[in-house]
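Residues annotated as ATP binding site in Swiss-Prot: Thr30, Leu31, Gly32, Pro33, Lys51, Asp87, Gly88, Thr89, Thr90, Thr91, Gly415, Asp495.
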Amino acid sequence: MAAKEIKFGRTAREKMLHGVDILADAVKVTLGPKGRNVIIDKSFGAPRITKDGVSVAKEIELEDKFENMGAQMVREVASKTNDIAGDGTTTATVLAQAIVREGNKAVAAGMNPMDLKRGIDLAVAEVVKDLQAKAKKISTSEEVAQVGTISANGDTQVGKDIAEAMQKVGNEGVITVEEAKTAETELEVVEGMQFDRGYLSPYFVTNPEKMVADLEDAYVLLHEKKLSNLQAMLPVLEAVVQTGKPLVIIAEDVEGEALATLVVNKLRGGLKIAAVKAPGFGDRRKAMLEDIAILTGGTVISEDLGIKLETVTLDMLGRAKKISITKENTTIVDGAGQKSDIEGRVAQIKAQIEETSSDYDREKLQERLAKLAGGVAVIRVGGSTEIEVKERKDRIDDALNATRAAVQEGIVPGGGTALLRSSTKITVKGVNDDQEAGINIVRRALQSLVRQIATNAGDEASIIVGKILDKDNDNYGYNAQTGEFGDMIAMGIVDPVKVVRTALQNAASVASLLITTEAMIAELPKKDSAGGGMPDMGGMGGMGGMM
């Protein structure tokens, strides 16, 4: 085991605070509408330019191990806030730095760190209640666009794209952000359920120009096993032919004789048909087949349920107004499933999302939820250079997450105004002077956002804070973009409650841990042993006889 270096008390906290300051100072320059960019060197390729707090935080690694510990703790604040709310990473970093700085001063003055922590916790709980009480629910597309615009640093087009996407696919729908191949940013919406499996044979195509199989008002047969021959299916195939409607078979696989027979019948024109592999694997495949069954009002043909292919009747098949199948994807639009059944399935998947601890499972469940609940929208981010595209993609990701958070918990006045106002509403009292000091630490820290936004805009922070607090209106704040004071919500400058709340709670949590730290342990740096050079050759004097 390597030897360790240990630092105690004030020395430890000062080292840690220095690390916190280095990371926070690099991140906080990005805050607000006039925040600056940070350029990050890459080991290969062009450097990356970003205004995304968490991207900056993730790149910082300090040489001094004790300083690095402080920096990494604050990095954790940014990452955790990003994971939960999807935005607010810079906010969380600024708050954490402010609480740690003030807390460190209090500990150095001889106050009890544990009482300071209790005071901080009391104040944060009261601020969270105040934020939730002030929250304004958002409903219109304009309000959604406002949130997106603010989070994308004033890019109105981003706000509009996100609002349009959410309008088309619903609040639960999946919206993905991809890099475009062109200079323009565009929005593409896929309505209905789409999964990543295409036709099993190109002979099923109905539109040879586009290589797409479009089947209108089709029946859907869902089978969880492989289909190798069609003998067992003949009764149901004949019943479908009688109706004159097309049929889409979704099964684990359709192979050999079964596939050949279907293709021959399709080419002869007797049967409008297409076959597709079922999406997913294992248990997830079963669940997704069940989702498709509920969406189309059909039944999954499964031995587990005691249903055999021979006994399948027309009413066990699903129905859909339109099914489009390309080489890679299948899209089911307007399934005939009962609304109540779909809502029940959505509620069931939501419950599974709450319970799961795996990020991968959660992501897959959210995809399934979106496919049932609305559809999928893709925002393709364009730009003149690769660096510009990456920077815009960062901003759109943030804006999208902020917008989702706003829909969930509502909005409050932006620009740090909500927290600044909350600092005057803290009425809770500590049981002793040290707890009271902890409450005051939070009061002062809540001003740090407005101060930093003003500083980044080149304004005098103290004057801005004073002017805002002079007015008794909760919505009154400072628009750093235009340099005007006024009603923040009317000006469209808003923050999602979830983002502000998460940032404050995470910042206070980690800052409290740093304040109550009394010892730090790190590995001693390894001493490099002297290099193993060539042995001494005695001045090479022994070579004289070689001449």
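Any Cβ shown, glycine's included, is placed from N, Cα and C.
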Residues Thr30, Leu31, Gly32, Pro33, Lys51, Asp87, Gly88, Thr89, Thr90, Thr91, Gly415, Asp495 [recorded ATP binders]: greatest CA to CA distance in Å: 17
Which of Thr30, Thr90, all binding-site residues, has a Cβ with the fewest other Cβ atoms inside 10 Å: Thr30
Greatest C-beta neighbour count within 10 angstroms, which of the binding-site residues Gly32, Gly88, Gly415: Gly88
For Lys51 (ATP binding site), the number of other Cβ atoms found within 10 Å of its own Cβ: 21
DSSP state at Gly88 (ATP binding site), helix/strand/coil: coil
